[in-house]
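Enquirer: Mind looking over this structure? Questions follow.
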C-alpha cells in the first residue's frame, strides 16, 4: 500500500522536526529516559501520520455501470434523507452522507461515471463533520457529475473540526471514473452525495462504507 501524494510535505517536515528534536535531546541529555521516551513518541506520531495518508489502489466492481453510484469515501453512513439542495442543483434530492473518522482512508473517489460540469469551493465553519448542519455551514467543495443518461450527481467534500484542508482534483470538463480520485480531505471529514429522486438507495444508516467498492445507490432507469 502506498502513501498518498498529499502527505509528502507534511512527512518531510515532521521527519526534519522530529530528527532535530531527538538529536538535540541525545546531545544535551545523553541516552536518558526522557530522550528515549521522546524518540518513541516521535516515531509513533510519524507512523500514525503515515497510516492516515495510506492510499490503497482499488478497482471498483461497478466501473462502467452507468446506473451505479458508489461510496466516494471510507467511513460510516450518517444520513439518508430527501432534501432540497438549494445551493447548486436547486431541486429535491436524496442525500446520502458518509462520515470519515481520522482512522479512515481519506482519499475521495468519484461516485459515478460521467462528466464534471461544476466545481466550486465555499469557505465556512469547522464544526464536527458528523453533525447535520456541517453540510451547509462548514467549509466545503462541490463537484457535479453528469452521467451519460443525463442524471446530475452532486458530491460535496466537507471539512470537519480537525479537517481544515480540502483538496479537489476534479475540473470542469473532466471525464470521470469511479476508479479515479476526485480529491482528499485531511484529518476527519464528511462527504455528501446528492442523488436524483427515484434513485434506489442500497445502504442503511450506520453502515460502514469502503470507497470505490460499496454500492450506495442505483440511479433511475
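Every residue, even glycine, has its Cβ placed from backbone N, Cα and C.
Here's the feature list from Swiss-Prot:
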- 189: active site, schiff-base intermediate with substrate (ACT_SITE)
- 189: pyruvic acid (Ser) (MOD_RES)
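Help me understand the surroundings of these features in the structure.
Expert: For the recorded site, residue 189 (active site, schiff-base intermediate with substrate), the DSSP three-state label reads strand.
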Enquirer: Which number gives the other C-beta atoms within 10 angstroms of the C-beta of residue 189 (active site, schiff-base intermediate with substrate), all protein chains shown included?
Expert: 33
